Amino acid sequence: MPFSVSWGILLLAGLCCLVPSSLVEDPQEDAAQKTDTSHHDQGDWEDLACQKISYNVTDLAFDLYKELADLSQTSNVLVTPTSVAMAFAMLSLGTKADTRTEILEGLNVNLTETPEAKIHECFQQVLQALSRPDTRLQLTTGSSLFVNKSMKLVDTFLEDTKKLYHSEASSINFRDTEEAKEQINNYVEKRTGRKVVDLVKHLKKDTSLALVDYISFHGKWKDKFKAEHIMVEGFHVDDKTIIRVPMINHLGRFDIHRDRELSSWVLAQHYVGNATAFFILPDPKKMWQLEEKLTYSHLENIQRAFDIRSINLHFPKLSISGTYKLKRVLRNLGITKIFSNEADLSGVSQEAPLKLSKAVHVAVLTIDEKGTEATGAPHLEEKAWSKYQTVMFNRPFLVIIKDDITNFPLFIGKVVNPTQK
């Protein structure tokens, strides 16, 4: 039986913090909006191959979501598909033969249509676009390799991961599992502003290499948001469970669409710096229908069907997270060899056979009233509110957040319980 050194890959798709902006006008912010040059970046994404890869990753987003949702119908779901795709695409640089093919095809890429070099080139452009200095999206991306002190990596692998994926490499002693765990966790805490702590809970002494990939997102709504008041209201987790949660109440004009095929309301919120969130609220007992029928093409059709309407919106404050061991999920998507003794990672290191033993993914989503302005006289307001359609996000709903420049999906998830961490 050949000797096999297992190593862990830690996929961190860190913080998504959706913070509505205040009503206080910021002259610099308004000027920046008027002179926002980010639309000039659109030309970078006229490349049909890169557009195709964005479609592939969006399809992967729905695949990942459905796999994770099937694991538990009673828990929140949150995943960052672009982060997962980039981490495994980067890892594929060190794989060969069937292991490499399986990873890239598992990411929904058609290798007969798209050259492998183009895949990495497009992901490089995604990283550059998401890190563009002129954006006020406040989105930070990065990755780091933690390499066992006794292990020498192939130079071309280090060079390619640094050039294409801006990856760093740090030496670490995995034999001292506590020290290694602390070093990785400190790195994650620092890069995410301590929003994600104690990510790594266990490490094996035979771990040789770990990959940490993260996305940190802090968005401001373009439309000035005003919470007339925050009320504690019921949220229907399921048919038998109702919890009390703070609800942000707002009467205003929104991009909203009533989708009959999905039996759902779809609310769009645009963010300063070119990102859009879609909140999809199915009718009671229709979540199964939404999950079954929602596809990327359907979402595209919805984006062309939005109306600007005045509604009375009730939206819960929430802070949810998702932590997943991706091994089972990726196996269901056809990525299996890299987890087995048949894995070919000789492009990473030629010192000993390697296989992937751990793949952990973490995402965090927060929505609250920070930066909003509360107003008085709620009883007078309520008279006016009765004239408008009320849309209450008081039951499970989906959320999809995408980057408008690259069209890559940043987050996809389901809110089942706004209070469930």
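Our numbering is plain: 1 for the first residue shown, then up by one each step along the chain.
Quick reminder: no glycine exception, Cβ is built from N, Cα and C everywhere.
Sequence annotations record features per position, and here Swiss-Prot assigns signal peptide to 1-21 based on sequence analysis. Look at Swiss-Prot and you will find N56, N110, N148, N274 tagged as N-linked glycosylation site.
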Subject >> 10 Å Cα neighbourhood of N110 (N-linked glycosylation site): matching glycosylation sites from N56, N148, N274 >> reply: N56
Original post:
Around N274 (N-linked glycosylation site), how many other CB atoms lie within 10 A of its CB?
Top reply: 23
**OP:** Rank the glycosylation sites N56, N110, N148 by the number of other Cβ atoms within 10 Å of each Cβ, and give the residue at the low end.
**Re:** N110
Subject >> Cα-Cα distance linking N274 (N-linked glycosylation site) and N56 (N-linked glycosylation site), given in Å to the nearest integer >> reply: 21
Subject >> Cα distance (Å, whole number) from N148 (N-linked glycosylation site) to N274 (N-linked glycosylation site) >> reply: 39
